[in-house]
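Here is the structure we will look at.
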Amino acid sequence: MDGWMLLYNNFEGQMGLVQHFRAGAPPVINPIETAFPNSTSVSLAHNLTLTIPSGQSGNVTLFNVTHPKPGDWFLAAHMPKDEGKIEQQGLPSCSYLFQAQMFLRRAADLPILQHNIPLYQTLTTTPALFKVFVPEFTSRLDVFILNCSVKLGNDCGLSITVGSSTLRQGSEVKQNCSGLESCSASVLIPPWNSWLLVTVETSQPNTTIPFSISANVTVGCKPLSVSSDFNTSAFIRTITAPQSNSSGGLSNTSVSMRDQPGLRANSSEPVCMRSPSVLRDEQDVLSLRFIVSSSNLTVTSDLPTVLTLEHSPGDSGGTFVVQLHLNTSSLVGGFARVKACLTPSAPVLHVNLSQTCATGLMQGYSLSVSSNESQALLRIPFPDTAVWYLSLQTVCNDSVDCRNASAIVSASVSVSACIDDCGPYGECRLLRTYSYLYGACVCKAGWQGWGCTDGATAQSYSRQMAAALLLTLSNFFFIPPIVVALYRGYHVEATIYFFTMFFSTFYHACDQPGVTVMCIMDYDTLQFCDFLGSVVSVWVTIVCMARLQDPVKYLLFMAGTLVISMAMQLDRRGLWNLLGPVLFALVIMVTSWVYRGVKRHQCYPPLWRRWVLFLLPGIVSALIGVCVYVFAQTDSNYYYTHSIWHVMVATSVVFLLPPREKHIPPWGWTNKICSYRRCKNEKVELYTVT
């Protein structure tokens, strides 16, 4: 199969786009070069950087992958790290458009290479493609080219390629047959139960070359099954009893003849491994564990113990976790250590002799436990979608009784959404891109990395405490507006200011990224009340400045609050949630002031001291707060720029609140509750009538 991917990118200004490609699972990327958690093994994906020159609005890039590996391919793209500026939603900003399109050209009706049956073909300038099936328990695949002939000269210039491209080194085996009439390409431990692509090419131009090709598959051995007295039903009842309320299901992942009890009893084929049964327990989304039939595995030096771990396509969005524990009291013979190899598609059959834990076309991962280090941990983010094999074998020392060396090892294998649930400084989130679900950590307090374990830029406890205190205590600047409003008889306004101060204080106490967090109620409720109180405070202040009659003023208070509540529920961070009420309130205020000025034939407010000492300082304070809020906030300075916003808004309210009415005494309690003089007069009148 020939395939290529067409990437269309549309940008404005000079910007670099980094794209990552991977077959079989999402790409593991590290764009800002953070440290991965301990015991985490990663293989970074193939990347391609596209830079759009300044003044060019778009770019079309063609990325070709010849003979790609069958299955799912994943593409991830990201921009360079930004400056951390907090942009207000709704304001103009740079827009970047990235479009990816994939075009495939399929090679249909490929000839099938039968085992040990030659196939006669004629090669032209176009490469000849074949496919061969590799059954289970295959230890070697050989592809032979025989009887090659060319009209001019003796060199056919042929080359053989076994495997498909995955953009990783070692995914294909190539053999140059130049100068040879017959040659072969061999793959040790090829992927089991899969079709492999075989490509034959020539370096001779404009030449027709007849040749014959054949394939040979060597099945060296089959596994030693579990004992025939193993009671599967009783085992399933045992492991499901403690989890009777679990919503997950159990499924047996061993579907081949390796799990048939007594299979090896009447077989003369050599035995090369032990393969206990493995059950798959799906507990939740991106949360499963593999349960081995025997919790304690006896690992010997003569035969490897192989666990078969079948992954479904949805498991590749999580983290593959393997833990080994050695029972140090069970060591027998010349024991040195237990070596384990975790490989996809096919197992390593000679673990104690393997140096790299690699099979023919796939690179694996190694672990080991010994008497000095009895525990081992391996974590693989975004594992390939394949059948994984965990091979364990005892490695001996120089003792003479090496054949009798053994140990008991317990293995725990699982898949989780995130590494250690992102730890104390992160939050594990399940993200969905179209129909694909994967897990990722969202770090806080300056922590970074796949597991939020990289503390190179982490905030210290003192800095976290300073940020929490600034963001919470700065809300106490609303106490002067509350006092001024009460003194001037604006009790409803004072109540709203108190509401804003209370919920803004506890919202920022709950919104802290580190350990200095205190939530008195649900975070979403605190956020809603904080946003609502902030906008309503601005609304009632401007409407109060219009000096309307009380029935009209309170009607606008209530109607505006209801509309703002609805808008906040739709989109809390929308620009028009604040801008709309402000503009509408300003229209009401200006209309009222113009009406009063025309009616009195003088400017309103009439006193220049009111303008110079109150209105202008209030407007300047409000403008400073808005400019800091919109243009100056970044991730690094948020805790003090947002505190400045609190102070400026509260200060502007002190200056902008209108003076009290002449008929209202200070604090306004007499007229607002019940006038003692009015009640006294009514009593006198009643007494007189009587």
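Just so you know, glycine gets a Cβ as well, placed from its N, Cα and C.
Feature list (source: TrEMBL):
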COMPBIAS  244-257  compositional bias 'Polar residues'
DOMAIN    441-452  domain 'EGF-like'
REGION    244-270  region 'Disordered'
TRANSMEM  465-487  transmembrane segment
TRANSMEM  494-510  transmembrane segment
TRANSMEM  525-545  transmembrane segment
TRANSMEM  576-595  transmembrane segment
TRANSMEM  607-632  transmembrane segment
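Long-range Cβ contacts of the transmembrane segment (576-595) within its own chain (Cβ-Cβ under 8 Å, at least 6 residues beyond either end) map to 90, 531, 534-535, 538-539, 542-543, 545-548, 556, 560, 563-564, 567-568, 604-605.
Each residue of the domain 'EGF-like' (441-452) gets a DSSP state, and the totals for helix, strand and coil are 0 helix, 4 strand, 8 coil. In this model, the domain 'EGF-like' (441-452) carries an average pLDDT of 90.
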